[in-house]
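Visitor: My questions will all concern the structure given below.
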Ligand SMILES: Nc1ncnc2c1ncn2[C@@H]1O[C@H](COP(=O)(O)OP(=O)(O)OP(=O)(O)O)[C@@H](O)[C@H]1O
């Protein structure tokens, strides 16, 4: 534990107590050590008694910085867990974080461009258009083509702040791992490490620009998603320049209704987009909170999404993707045995798991969902519960699945906000079934063979040569193995011989010594001792020396 992390730890605790967030834990439910720790920090008191609890939580998160703001953003979409007031307050963390000094923004931009802003842009607006957890956004016009753009610039020292928080978190996780002991399957340190990679990745705007370009290309012909054009030549680690887009923030349901947006279609398109990104492209936007999503103002009867902030993108392995799709389908078909089997086959739970007990536990989680009205079923919640259940059965936490689960929760929260009756099953099922039919069966086989033709046509001429090389290698390997075996046998033989001689010599020496002290006639003692000495010398010299085979 470093001094910096102790300082930061104190700052976190101080902020929590100064905003009276400890009041959220009811006094008689708190464990004794919590009450004792609280009482020992008697000088830290709630300084914001005039504000509501939700407001205090928002302010505390805002004060604690990006890592906590991001947590608040995520929570704000969980309307199934939070009351309206809480969700409303936390939603403010999406793009209404207090701005930083524009002079600092200008300085950072010019440092990256290595030129004055005015040499490349006109109408640079000193007042930020928006200010979020990681960055601040200013508008301008690009001199070269006269188009409206936004300049997204990182907050000053954001990286140091995030690193300090992550360090504290990872130390906490290591401590937890030690408390949980060897063999625990939660792997908190690994989860934090993964979160670290993700969030630190977001601190490089050049990387974000490349992600945005890739996502834009994946959806160029789509009528469901638009990603703004990125001016890659003006993107740097701390600066990103892209097309300015206009739209209605997805959380502004009133404005969407006022312009007559087809909310049902929009909610369904959201689900489709999620599945297309995960299963078709294996490249999904993993930071889909409402602050990052706008809705088109044009043709509201056929609305599309505008996606921003491609800092956190997720991918799954082919195998995880396949298991996940099968898992969803098994779930739609209420095939709990298959779900249990899939968890084991995919290696998400240990192969020693009792399938029947696990199947029963899965059924307990899933079955009640089907008895609820549509608008009360939470897809993300089911997945969350499944993971929680599986944890009791020795699940290995898969960081990429945690990211996916988080995204699914976002999407669902969003869909429900837009269109409460959204039927997630009906929207997702045909998509998954089609995808699965492309993965298995004759069509999939044909596609795989077709995809591999260039590889095989490249490799085919090399095959005779490879066969001969392999045969030669095999023969050489056999020869080497035989030599090793011979050396080993020789070693064993020598070692046995030497041991036999040493033991016999020891017996002769002991007998000789006894005869020497007990007997009147001394010559048998001399013979025994001499023979014993000679045998010891021979045995010692014949020891095998080289243990390498
Ligand atoms: N191309 C754009 N056109 C118009 N407004 C934009 C554009 N890009 C960003 N914005 C505005 O800036 C806000 C912050 O942008 P963005 O979400 O990319 O920043 P961030 O710091 O990565 O935020 P987060 O807190 O989500 O990590 C957005 O919510 C949006 O209001």
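Just so you know, glycine gets a Cβ as well, placed from its N, Cα and C.
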Visitor: With 129, 130, 131, 132, 133, 134, 135, 136, 137 listed by TrEMBL as binding ATP, identify the candidate in 114, 152, 161 belonging to that site.
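Guide: Between 114, 152, 161, TrEMBL records just one in the ATP site with 129, 130, 131, 132, 133, 134, 135, 136, 137, namely 152.
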Visitor: If I go by TrEMBL, the feature transmembrane segment sits on one of 469-486, 523-540. Which?
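Guide: Result: 523-540 is the stretch TrEMBL calls transmembrane segment.
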Visitor: Using TrEMBL as the reference, determine which range in 446-463, 500-517 is annotated transmembrane segment.
Guide: 500-517
Visitor: I'd like to confirm something. Which of the binding-site residues, 131, 133, 137, has a Cα closest to the Cα of residue 287 (active site, proton acceptor)?
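Guide: Result: the closest of the binding-site residues to residue 287 (active site, proton acceptor) is 133.
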Visitor: For each of 131, 133, count the other CB atoms within 10 A of its CB; which of these binding-site residues has the top count?
Guide: 133
Visitor: Of 129, 135, the binding-site residues given in the record, which has the fewest other CB atoms within 10 A of its CB?
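Guide: Fewest other Cβ atoms within 10 Å, among the binding-site residues 129, 135, is found for 129.
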Visitor: Cβ under 6 Å from an atom of ligand 1: which of these binding-site residues qualify? The list is 131, 135, 137.
Guide: 135, 137
Visitor: For residue 137 (ATP binding site), which residues in the same chain are close in space, meaning a Cβ under 8 Å from its Cβ, but six or more apart along the sequence?
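Guide: Looking at Cβ-Cβ distances below 8 Å from residue 137 (ATP binding site), excluding near sequence neighbours, one finds 128, 129, 130, 131, 150, 151, 152, 153.
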